[in-house]
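Residues or ranges marked as transmembrane segment by TrEMBL: A:12-29, A:76-98, A:119-140, A:160-180, A:192-211, A:247-267, A:279-303, A:323-342.
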Amino acid sequence: MDSAFIIEKSVFIVAIFAITMVMAMYSTWAERKVAAFLQDRVGPNRAGWGGLLQPLADGMKLFAKEEFFPNTPNRFLFIVGPAIAMSTALMTSAVMPWGDKLEIFGRTVILQATDIDVALLYVFGIISVGVYGIMIGGWASNNKFSLMSSVRAASQMVSYEIAMGLSIIALLMMTGTLSLKEIAAQQAGMNWNVFYQPVGFLIFLICAFAETNRTPFDLAECESELIGGYHTEYSSMKMGFYLFAEYANMFISSAILAVLYFGAYNYPGMQWMVDNVGVNAANILGIVVLFIKICFFIFFYMWVRWTIPRFRYDQLMHLGWKILIPLAIVNIMVTGICILVFK
Amino acid sequence: MSPVLITFYFLAAFTLATAFLTIYSKNPIHSAIYLVLCMVSIMGHYLLLNAQFVAIVQLIVYAGAIMVLMLFTIMLMNLNKEDEVHKPRITRLGAIVVFILMSIVLITIFINSKTIMGEYDSSGEDFQSIKVLGKVLLNEYMVPFEFASILLLVAMIGTVLLTKKEKDQK
């Protein structure tokens, strides 16, 4: 392992961290702007041009606020809750392929922090652990509403993970690999997986909404029933971490959606670009294309949030267990038959 | 000492400590959280053995699913000291006997086990990859694999049956 490799990876990891943070920060701004647009308002427009400094002001406000501790015997777990939520939100980005490769000073730089064999399962593992942030924080708050919220979050996560996993199995049967890098490379040209797996994509999308706790599935922080759910008792930056983790999760799950189903960094004519303009130019354009796709999905999340009202809890469970899981199993069977017939 | 050995000692100490704390903590939620940490540290052991797939599955199944459900149940049940079931002395004795028998089995397995890593290393095959694992599971270990899946299916049907209301009770 040479030092250039270590420097390359360190720079890359720091860059991903910074980008995730900036994207999460500006997602809060975008959320307000989209909400304002959909409700025919103006939205934040005081701090900076078009309200662009608003996230910074919000961050300053959260840092400067009083740290309030509820009367709980578990102060340590109360602090651990938001920490878990934030760190798991940041960990998934390690296996994302942000682009194909760049050639810098004669070295081929692969635009991925690490390419492990089981990248997709790693993402699932981290997502499934992420719920502990909400559960532990909600329980340690020593508040009945928070406890209700953590119980809801746990059952919702476990229910929707099944359908999510099943929808991925159909995709894996086609790609034959768990490595996100290879899945991305297989979709070169317009060979996007969404054209072969439309049902799988739909199931995955719905489950992604549930896993990130976004409306219409934000039952864990349902303010009309549970005040603020798991973050009722939180204040200052601990509360900020929960909110931030939600937006970071949204960014990462948009990236997963783009990589798995929407061709990752591939765009039509990429091969032509590589042959005629150069590897670096083609791949930098690839990164830009990936980020455009990610931004579209983030916008989609917000669009849905301000369009569809929240589900009732029994409706949520009904959708998860009685509609999505059977649909995902049928999808696996149909995929299997198609693979058998056409290949 | 090599870095791998140091990591192993650290992980082993962590696993044992969290396992003991699981038993000794008075609060059931703390117990469950220590058990989660224990499960995650076992994942580290698998990674040291270069078994990526098993490590990630350990994280998904144990830390991500089973322990989430266990915490969920504990939070719902609201276990207090007063509600604790009185345990007669005979059950404690039974527990000790079962523990000793279990230890004997584990120790004999440990003594009789052979290290097969060398063999795999010399075969030159990437034995940690999922493709090889899948082939081995569905060729050499086809029958036990199918039996295990039937066992899981039966357990699943049993659970569904338990939750179903009987018709005449309506």
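Quick reminder: no glycine exception, Cβ is built from N, Cα and C everywhere.
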The transmembrane segment (A:247-267) versus listed stretches A:76-98, A:119-140, A:160-180, A:279-303, A:323-342: most Cβ pairs under 8 Å: A:279-303
Stretch among A:12-29, A:76-98, A:192-211, A:323-342 sharing the most Cβ pairs under 8 Å with the transmembrane segment (A:119-140): A:76-98
In contact by Cβ distance (the transmembrane segment (A:12-29), the transmembrane segment (A:192-211); 3 or more pairs under 8 Å): no
Leading stretch by Cβ pairs under 8 Å, where the reference is the transmembrane segment (A:12-29) and the options are A:76-98, A:160-180, A:279-303: A:76-98
Within-chain partners of the transmembrane segment (A:160-180) [C-beta distance under 8 Å, separation at least 6 from its ends]: 95-97, 112, 115-121, 123-124, 127-128, 186, 193, 196-197, 199-201, 203-204, 206-208, 210-211, 217, 259-261, 320, 324-325, 327-329, 331-332, 335-336, 339
Same-chain residues near the transmembrane segment (A:279-303), Cβ under 8 Å, at least 6 residues beyond its ends: 23, 27, 30-31, 34-35, 38, 98-104, 111, 209, 212, 214, 250-251, 253-255, 257-259, 262-267, 270, 273
